[in-house]
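Taking it in order: structure first as structure tokens, then the write-up.
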Amino acid sequence: MTAPSQVLKIRRPDDWHLHLRDGDMLKTVVPYTSEIYGRAIVMPNLAPPVTTVEAAVAYRQRILDAVPAGHDFTPLMTCYLTDSLDPNELERGFNEGVFTAAKLYPANATTNSSHGVTSVDAIMPILERMEKIGMPLLVHGEVTHADIDIFDREARFIESVMEPLRQRLTALKVVFEHITTKDAADYVRDGNERLAATITPQHLMFNRNHMLVGGVRPHLYCLPILKRNIHQQALRELVASGFNRVFLGTDSAPHARHRKESSCGCAGCFNAPTALGSYATVFEEMNALQHFEAFCSVNGPQFYGLPVNDTFIELVREEQQVAESIALTDDTLVPFLAGETVRWSVKQ
């Protein structure tokens, strides 16, 4: 990576956690990712979810159809795990290069997760098959029991689900997605080479005070929810350390404005347009720009056993204002940091 005073040149990054939705929303949001990233792990939580090879092939084609000419972008598809999923279907998709990984959503943990897994025991034959064939498991790491406080769901998941699972299936490759707590940062750092994590820009930049003090900011509301400052600091320190099993995963999750600015608003930040510059700002603030390229472009491919991208992009350090909104067919999208002045942006 070369870093003259105002330009960062890095190998083209990948996004290891992305929601593209479907239909008109998909057509609107895909270009914001495809112009910057070489690849992205695409989440399968559509309605209905992506649970078959055929559904994944069709969804992949809809994504590719939305990629503008001149963008070199490869969507990496995932399978949505359910209690009733056939392990043979999962293995077929993996062997045919359709499924890159499989996603475990605890039932009702987040958007469109009502079909999710009721317990790890219910899908143990599937997980055993994944361990056998070397297929990565992507985990939304929260318990969803009604009696557990929303701010404690990730920490409880580690002790009650994640650690027992990894003790039982010691060769299974696991990505602990969008980690938000010191508990998770410590757990991944202290784990072995088969455990990795992604972190979003919002969890590095903000904590729950930013979302709740002085008024509720619905466009910072996502799941897992922003935590207190000590957790934010632990995440920042983890990425700034150069730890090589944590990598870029935006969890960009678009919802129309009326679904966010509501009496019962949806969870998710549409950060695809601003995420890379946001990460750069955090690394700069932590005096860790020497580790920025690895986080964005190297650590993820290494964990997945994929080649790094062979093209490069540049970020420029000059103040720019983020758009207030982005047009949808019959509504608008509010991007992460809408209307704010940002320090780093991708050079056009």
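Any Cβ shown, glycine's included, is placed from N, Cα and C.
Taken from Swiss-Prot, the feature active site applies to Asp251. For Asp251 (active site), the same-chain residues 6+ apart in sequence whose C-beta sits under 8 angstroms from its C-beta are His17, Leu18, His19, Glu177, His178, Thr198, Thr200, Cys222, Gly268, Cys269, Asn271.
In this view, His19 (Zn(2+) 1 binding site) is surrounded by 25 other Cβ atoms within 10 Å of its Cβ, with every protein chain counted. Taken from Swiss-Prot, the feature Zn(2+) 1 binding site covers His17, His19, Lys103, Asp251.
The substrate binding site annotation in Swiss-Prot covers His19, Leu20, Arg21, Asn45, His140, Leu223, His255, Ala267 and is backed by sequence analysis. Annotation for Arg21 (substrate binding site): same-chain Cβ neighbours under 8 Å, separated by at least 6 residues, are Val29, Leu46, Pro254.
If you look up Swiss-Prot, you'll see Lys103, His140, His178 marked as Zn(2+) 2 binding site.
The secondary structure of Lys103 (Zn(2+) 1 binding site), as reduced to three states from DSSP, is extended strand. Note on Lys103 (Zn(2+) 1 binding site): other Cβ atoms within 10 Å of its Cβ, all shown chains, come to 27. Per Swiss-Prot, N6-carboxylysine is recorded for Lys103.
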*asked:* Based on the record's binding annotation for substrate (His19, Leu20, Arg21, Asn45, His140, Leu223, His255, Ala267), what whole-number value in Å is the widest Cα to Cα distance?
replied: 19
*Only counting partners 6 or more residues apart, tell me which same-chain residues put their Cβ under 8 Å from the Cβ of Leu223 (substrate binding site).*
Ala109, Thr110, Thr111, Glu142, Ala267, Gly268
*Any idea what the Cα distance is from Leu20 (substrate binding site) over to Lys103 (Zn(2+) 1 binding site), rounded to a whole Å?*
15
*Compute the C-alpha separation of His140 (substrate binding site) from Lys103 (Zn(2+) 1 binding site), stating it in Å without decimals.*
8
